[in-house]
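Going by TrEMBL, these are the annotated features:
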- 2-280: domain 'Carbohydrate kinase PfkB' (DOMAIN)
- N9, M10, D11, G37, K38, G39, A40, N41, E136, D238: substrate binding site (BINDING)
- N180, T206, L207, G208, Q209, K210, G211, G237, D238, N262: ATP binding site (BINDING)
- D232, T234, S268, K271, G273: K(+) binding site (BINDING)
- D238: active site, proton acceptor (ACT_SITE)
Amino acid sequence: MITVVGSINMDLVVKTDNFPKQGETTLGTLYTTVPGGKGANQAVAAARLGSAVQMIGAVGQDAFGTELLAGLKNEGVLIDQVKRTDGTSGIANILLSEGDNRIIVVPGANHSVTTEEIDALADQLVKSELVIMQLEMPISVVQRTLEICHQNGVPSILNPAPASGFTTEMLPFCTYLTPNETEAEEIFGENWEKALEEFSNRLVVTLGQKGAQFYDGEKHVLVEGFPANVVDTTGAGDTFNGALATALVEEKEFEWAVRFANAAASLSVEKFGAQGGMPERTAVLERMAGDRI
Ligand SMILES: Nc1ncnc2c1ncn2[C@@H]1O[C@H](COP(=O)(O)OP(=O)(O)OP(=O)(O)O)[C@@H](O)[C@H]1O
């Protein structure tokens, strides 16, 4: 069982030809709601690939909360440990205009999770094969989860996004760290490639269409990305993490696991929405077998 301790949001997407200026009102061309939140996205990515997944987190008592839980359940993600709180579910208000975007995230229920609640769920963490976290939850909750995993020998993946929440105290506790290039720079500075050497087979930096890079103890390994017909790259990183977790739980060799994650993420960018394009296992294996499309 993979346990994801993370955010569950409703993405409120508005497309417009013109962003409003201060004090201005403009017409939009589309409004849609899509389930999101890095935690939920990564849980769905792993579940679609065949992993048993449970989610720890929180949604509100509002209609979005009901819809978000139903969506996760429909994907086969266990939601027994998702709390419902008073107040609103987390939302991301996403304005899109010609490839540009402006996003406001309101954490809502996600930030109601406490370290005491994590302590009370320690048995759920301890019995997990792997635990995934991101940084959209209270930092104290992430730190406590990492500590419990570390103390009990449970492997963990920390996807340090958004990187502003990262603290170096987290480093010794997480098994794997999966920043994108910008986050790697924010955490380790311009010389993040040196950090790969320090955390061999533990630190993987995702590089967009170029793929992902890690250090295997002897040399730097660039695992090339798979070419894709890009429609929407939202959720590429989340698919990568869910797929990496799936392969690691299956005790696949590390380079193979990263290649599997690249292939899954390359499929995810070919459809709209973070969860919309997340592939099933067969499609990923086909892409890997075809090597290049
Ligand atoms: N244009 C692309 N074509 C093919 N694969 C891609 C593309 N963009 C991203 N990927 C895949 O997704 C992985 C994660 O992408 P990236 O490094 O951009 O992370 P990210 O910034 O967290 O993504 P996002 O924020 O868009 O979800 C990459 O390692 C790669 O495997």
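Heads up, residue numbers simply count up from 1 along the chain you see.
Using the three backbone atoms N, Cα and C, a Cβ is placed for every residue, glycine included.
Overlay of TrEMBL annotations on the structure.
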residue: N9; record: substrate binding site; Cβ within 10 Å: 29
residue: D11; record: substrate binding site; Cβ within 10 Å: 23
residue: K38; record: substrate binding site; Cβ within 10 Å: 27
residue: A40; record: substrate binding site; Cβ within 10 Å: 33
residue: E136; record: substrate binding site; Cβ within 10 Å: 25
residue: Q209; record: ATP binding site; Cβ within 10 Å: 16
residue: D238; record: ATP binding site; Cβ within 10 Å: 30
residue: S268; record: K(+) binding site; Cβ within 10 Å: 32
residue: K271; record: K(+) binding site; Cβ within 10 Å: 16
residue: G273; record: K(+) binding site; Cβ within 10 Å: 19
(request) Kindly assign G273 (K(+) binding site) to one of the three DSSP-derived states: helix, strand or coil. (result) coil
(request) Please give the average pLDDT for the domain 'Carbohydrate kinase PfkB' (2-280) in this predicted model. (result) 96
(request) Specify the nearest of the binding-site residues Q209, G211, D232, T234, S268 to N9 (substrate binding site), where nearness means the distance between Cα atoms. (result) T234
(request) Measuring CA to CA, name the entry from the binding-site residues L207, Q209, D232, T234, S268 that ends up nearest E136 (substrate binding site). (result) T234
(request) Let me know how many other Cβ atoms fall within 10 Å of the Cβ of G211 (ATP binding site). (result) 21
(request) Report the binding-site residues (N9, D11, K38, N180, D232, K271) that meet this criterion: Cβ distance to the nearest atom of ligand 1 under 6 Å. Use sequence order and write none if nothing qualifies. (result) N180
(request) Please give the greatest C-alpha separation between any two of the substrate-binding residues N9, M10, D11, G37, K38, G39, A40, N41, E136, D238, in angstrom, as a whole number. (result) 15
(message) With the ATP site defined by the record as N180, T206, L207, G208, Q209, K210, G211, G237, D238, N262, how many Å span the farthest pair of C-alpha atoms?
(response) 16
(message) Same chain only, sequence gap of 6 or more: which residues have a CB within under 8 Å of the CB of N180 (ATP binding site)?
(response) A161, V205, T206, L207, G208, G237
